[in-house]
Amino acid sequence: MIWKEMEDFVRIFDTTLRDGEQCPGAAMSEDEKVEIALHLAKMNVDIIEAGFPVSSPVQFAAVSRIAREVEGPVICALARSLRADLESARDALKEAKRKRIHTFIASSPIHMKHKLGKTPAEVLEMAREAVKMARGFVEDVEFSPEDATRSEWEFLRELVEAVIQEGATTINIPDTVGYTTPQEYFELFQFLKTKVKGADKVIFSAHCHNDLGLAVANSLATVLAGGRQIECTVNGIGERAGNTAMEEVVMALRTRRDRFGVETKIDSSLITRASYLVKTITGMVVQPNKAIVGANAFAHESGIHQDGVIKNRQTYEIMTPESVGLKSNRMVLGRHSGRAGFKDRIIRLGFDPKPEELDNAYQRFLEIADKKKEVFDEDISALFQSETRRTQVDGTFELVSFEQATGSNKTPTSRLTLKVSKETKSAEATGDGPVDSIFKSIDKITGIYPLLSRLVISPVTEGTDAMAEASVTVEYEGKRVVGKGDSTDIIEACAKAYIDALNRL
Ligand code: KIV
Ligand code: ZN
């Protein structure tokens with residue numbers, strides 16, 4: 001049976017900043033979280049899960065800032081079913097115009113016994129108490145029985161009924177370990193929607209992990225059973241194999257409205273930028289064949305496909321690239337393009353530049369246009385975003401110049417000059433390769449010797465003269481940061497990314 005809801009749309013609950021950030025290497029700074037949250041608000045995300053405030057002062061500060069600065073979506077904070085967690089969530093959300101507390105407790109036999117050391121009756125009581133307390137703090141309370149898909153259905157029914165009685169307004173059914181299948185998850189939602197007293201008063205929500213590659217399919221199955229919220233992350237980042245990818249559910253519901261009968265309120269033309277932002281900030285690359293946001297998602301390579309697309313795009317395209325905000329990259333600027341043309345392009349690419357950002361980006365554009373005959377929209381987006389990101393960081397170190405000697409029978413050697421506050425300092429170093437030697441020369445000047453935990457270099461467009469973006473993750477004294485750099489020279493891109501990371505430390 002397809003359920004009819006009064007307000008019939010699927011709410012997008014974005015947890016990029018909470019569950020997404022929990023994956024190794026995706027830690028974000030407070031400014032970066034705010035930047036992502038502002039973009040999610042622009043996209044019309046219904047609920048932003050901003051973090052888990054009790055888990056650390058850094059988390060608390062980020063949730064408070066998002067609550068204060070981001071308007072539009074409901075801002076949500078996660079809390080275990082414990083007083084301290086709930087109070088911390090309440091305090092962090094104090095300044096939000098629209099707020100939600102999301103409280104959870106595990107409900108599967110394996111979690112209750114081995115993780116919590118509690119009986120089902122104790123878990124039920126804790127859940128009741130938590131929802132009651134949360135309702136004393138805010139009107140909007142979400143409850144999740146963690147590991148729901150490995151829980152006993154009858155116990156789940158009892159638990160969900162109890163928390164609805166206490167005032168929960170959204171019931172989220174997490175597939176915590178990515179174990180369920182679309183049919184099974186559909187049936188579980190149907191069971192709860194028909195058997196739980198008070199089910200008609202709440203919104204049922206899906207929360208899936210992608211361990212079997214089924215997160216999106218599972219989430220979509222619940223929509224057919226009356227689920228009206230999907231919890232997801234941009235690019236599907238998240239613990240282990242990740243969470244449901246927001247861009248995929250949004251576009252599946254839109255493209256196959258004939259099957260689902262409902263949609264989301266997301267402005268899909270902002271999807272590509274969201275993906276880029278999350279990729280750049282976390283340093284988590286997007287596989288080229290990833291649906292919707294992968295580099296090849298709209299590329300037609302084979303002759304037969306290209307021929308079909310030229311005759312009629314719909315032969316091989318079920319969505320247009322424009323619908324997800326992917327602009328044609330054939331609009332070329334070059335070194336003779338003036339400032340006005342550059343500004344116009346930046347605005348048409350959807351940015352709202354401040355005069356200072358525009359000046360810096362235009363200078364970078366001229367440098368790149370000198371090296372590269374044609375500058376594409378992707379190059380302009382990348383350089384503008386990297387310039388704005390750079391100006392957010394107080395740059396202690398700045399690259400002035402470098403030289404390298406390398407070859408098959410030579411030890412790679414770098415000579416590099418940095419601006420350190422107001423002075424310039426130079427150093428020379430050898431290394432196992434050109435990147436190693438340039439990083440070592442930077443270390444000699446800065447005196448910081450961080451651990452390099454990840455280095456990713458990706459071209460922005462095609463061709464040997466393409467701009468490269470480098471993302472460097474370093475760890476130092478318990479801190480992990482991601483630095484970014486771009487250039488038509490990959491070694492320079494790496495050096496800039498490394499310096500950006502050091503500035504962020
Ligand atoms: O996967 C999970 O169970 C969670 C809960 C906290 C909702 O992330
Ligand atoms: Zn999760």
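A Cβ is built for glycine as well, from the same backbone N, Cα and C atoms used for every other residue.
Because TrEMBL annotations are produced automatically, they should be read as predictions rather than curated entries.
Annotated Mn(2+)-binding residues in TrEMBL are ASP19, HIS207, HIS209, and among ASN44, ASN218, ASN235, ASN243 the one listed with them is ASN243. Less than 8 angstroms from the CB of ASP19 (Mn(2+) binding site) sit GLU49, GLU231, THR233, GLY238, GLU239, ASN243, each of them six or more residues away in the same chain.
The DSSP breakdown of the region 'Regulatory domain' (398-505), given as helix, strand and coil counts, is 28 helix, 51 strand, 29 coil. Cβ crowding, taken as the number of other Cβ atoms within 10 Å, peaks at ASN243 among the binding-site residues HIS207, HIS209, ASN243. For the Mn(2+) site, the Cβ centre of ASP19, HIS207, HIS209, ASN243 serves as reference, and the other residues of the chain with Cβ at most 8 Å from it are THR15, PRO174, ASP175, THR176, CYS208, ASN210, ALA215, GLU231, CYS232, THR233, GLY238, GLU239, GLY242, THR244.
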